[in-house]
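Okay, so here's the structure we're looking at.
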Amino acid sequence: MKFLRDLPPVEGKKIIVWTELDVPVENGAVVDNTRLEAAAKTLNYLIEKGAPILMIGHSGRPKGKDPSLSLKPVAKSLEEILEAKIELLEEIKPFESNLAMLENIRFWAAEEEKEPSFAREIARLGQIYVNDCFSTSHRAGSTMLYLPKLLPSYAGIALEREVEELGKIIRSPKRPLVAIIGGAKIETKLPSINNLARVADKVLVGGRLVFEIGNINLDPNVVAASDDIDTKDIGPKSIEIFSEIIKKAAMVVWNGPMGVFEEEKYATGTEAVAQAVTNSQAYSIVGGGDTVDALNKFGVLDKINYVSIGGGAMLEFLAGEELPGITALEKYYGK
């Protein structure tokens, strides 16, 4: 895999950057700039090198063109961060500005359908490709899969940092290593739970996952919450068991809340686990928007050692699963 430091002179060369643009938007405004702040590092680097940039990225999971998932609020917020004007392209066409953003890439069905012709259409807009979107690199869309095959390709600063930081856990984990998995999305998280159980000493499972798992056979290292409150939070027995395991951990990886923490009545489990993690001596890594929101709510996010901008991608990477967007970078331009 090649990185931005490996770039030849790029002044005047158009660069397509897969950017972290999937951020929370409420009432037409971005409410959490964390991913955009991370993305700005690569964008500023390329701006300083004199390269015109076309950002591509997505917001949510639209079915066709959905105005509520437009990237207009994201472009506006990023303009403030970069202190530069961004041209928003609503159709696939050549850009002449120094900084442009293509509308939500998922507005085009061909992206999700992995059509090679769609990637070729996008590739014609630039001369170099940069993947700086770790959080989507586990999704095998057309551009993630095929742009590295069509253009000289590099990993951006945010993606490089994620691979480097998370790679440390795989190469030299501190023991005992405890993984905490919550939230929902059983179809994506179940494979990671069993794979993580081969890496971690214990995997603690809470949230909706507990009820969706049912009678599925799990690795002996997996500890699922055994009591609940209205199926919306883990109960006191599980909190006690989880807290004791976390207290003994040397490293903790956490993705997904333990309950519907947005409602005070069901926030106890997530808050208790957050306190257990931040009060422990363990090196802590968290990922996933809901987990970060919860830690912010409870005022302990600043006590976490490393906050990953990936959710599902972080889990799959740590579980040793293939991330198509990264595999494509390695395959076509070497390791």
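The backbone N, Cα and C atoms fix where each Cβ goes, glycine too.
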- Note on the structure: Of Glu164, Glu262, Glu263, Glu264, the one that TrEMBL places in the same ATP site as Lys189, Gly288, Gly289, Asp290, Thr291 is Glu262
- Task: Could you check the binding-site residues Glu262, Asp290 and say which one's CB has the most other CB atoms within 10 Å?
- Result: Asp290
